[in-house]
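J.: This structure is in C-alpha cells; I'll ask about it shortly.
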Amino acid sequence: MVQFSSIVQCTLLATAASAYVTSRQAAESLHDAFTAAGKKYFGNIAEQALLENPQNEPIIAADFGALTCENSMKWDATEPTQGGYNFDGADYVVNYAVEKGKLLRGHTLLWHSQLPSWVSQISDPATLTGVIQDHVTTLVSRWKGQIYAWDVVNEIFAEDGSLRESVFSNVLGEDFVRIAFEAARAADPDCKLYINDYNLDDASYSKTQGFVSKVGEWIAAGVPIDGIGMWLACLFKHAYAGGFPTSGAQAALEALASTGASEVAVTELDIGGATSDDWVNVVNACLNVEKCIGITVWGVSDKDSWRADESPLLFDVNYQPKDAYGAIIAAL
C-alpha cells in the first residue's frame, strides 16, 4: 500500500510538472524575445537541485536560453583538495544545457571567495602560478567546445578601483590576470574569456573608472580578455557603495565597452526592491549598447534567491511571474 501510494504520488507530481511545462512554454519566452531584438541570450543560473525542482525547471526550460552554474564550477566545488577534482554538480548542468540546446557560461575560474585553504595558503610565486595554470587548464579543457564563455577572474577590484588584496594579487601582483587568461586561451582558443565584477553600475564611480582604466591597459598589452561581465544589482547597498539607480546602467555598459573588449554582458542580475521600470531600464541598457550581448538573471524565484528577503527576481516565492516579467516582454 505504501509502495502504491508512492507511485500514485510520483505520477501526480510528474503530471503536474508536465502541465506546468506546457503552460510555461505556451507563454512568450524572455530569451526568444531578447534574441529577436538582436541579442545573444537571456539567461539564468542553474544547479542540479534547481533543475530537479518541478516548479523551477520548466521556467528555465521555457524562458532562459543560457545557463550559469551558481556554485558548482567554483574552486571549492571543483578542486577542494589539490588534484582532487569533483565535477558531478557541474557535469549535471552542462549535460542538461547541451540536451536542451542552451548556451553555457562558466563561472568562475579565479575568485578570492569560496577558495580552498590549500590555495589561499600558498606563498611561493612559482607554486601559485603552477596551481593556477593547472586548475584553469583542467576546467576549461573538460568542457572545451561546450561552454560559450568563462568568467576567468571574478571580483578582483576594490571599491577605490585598485586591485583587491587576495592570495593571487599578494603573491603574484597583477600578473595573475595574464597567467589565468593565457592558460584559459590555450585550453580553449574558441571560448570567450571574461573578467567579471560588481559595483560597476555607475560610470562615474571610482571602482568603475579604475576597472575601465586597468582592463583597457591589459587588453592593449595583449592579455586575451574578450569580454566584461558586470553584476548589476543597482539597488543593493554594498558595504562600500550606497547603491546605484538603474538609470545609469547604459552609461556603465558603454564605459565597460570602451576598454576595447569585444563584448560586454550583464552576467549577474538581481535587483532588490526593484520596480518594473528598473528591470526595463536594465534590459533597454543592454539593447542600446551594441557590444552588450546578453543578460543573466541570478535566480528564477525569490524563494531560492540568496537575497530572498529583498524580492530581487522576476518570479515570486510561488514561481509566478511578477509584473516586471510582463513589462520586459512588452518592452521587447
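Placed from the backbone N, Cα and C atoms, the Cβ positions cover glycine too.
Relevant sequence annotations retrieved from Swiss-Prot are reproduced here:
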SIGNAL    1-19  signal peptide
DOMAIN    45-331  domain 'GH10'
ACT_SITE  E155  active site, proton donor
ACT_SITE  E268  active site, nucleophile
DISULFID  C286-C292  disulfide bond
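Where in this structure would I find these features, and how exposed are they?
T.: In the predicted structure, the domain 'GH10' (45-331) carries a mean pLDDT of 95.
Applying an 8 A CB threshold to same-chain residues 6+ apart, the list for E155 (active site, proton donor) reads W111, H112, S113, R164, N196, D197, Y198. For the recorded site, E155 (active site, proton donor), the DSSP three-state label reads coil.
Taken residue by residue with DSSP, E268 (active site, nucleophile) is part of a strand.
Reduced to three states, the DSSP call for C292 (disulfide bond) is strand.
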J.: Other than its own, how many Cβ atoms are within 10 Å of the Cβ belonging to C292 (disulfide bond)?
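T.: Total other Cβ atoms inside 10 Å, all chains included: 24.
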J.: According to DSSP, collapsed to three classes, what secondary structure does C286 (disulfide bond) have?
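T.: Assignment for C286 (disulfide bond) reads helix.
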J.: For the C-alpha pair, I'd like the distance in angstrom between C292 (disulfide bond) and E268 (active site, nucleophile), rounded off.
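T.: If we compare the Cα positions of C292 (disulfide bond) and E268 (active site, nucleophile), the gap is 13 Å.
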J.: Taking 10 A as the limit, how many CB atoms besides its own sit near the CB of E268 (active site, nucleophile)?
T.: 24
J.: Tell me the Cβ contacts of C286 (disulfide bond) under 8 Å, same chain only and six or more apart in sequence, or just say none.
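T.: Counting only residues 6 or more apart in sequence, the Cβ neighbours of C286 (disulfide bond) under 8 Å are K39, L253, A265, V266, C292, G294, I295.
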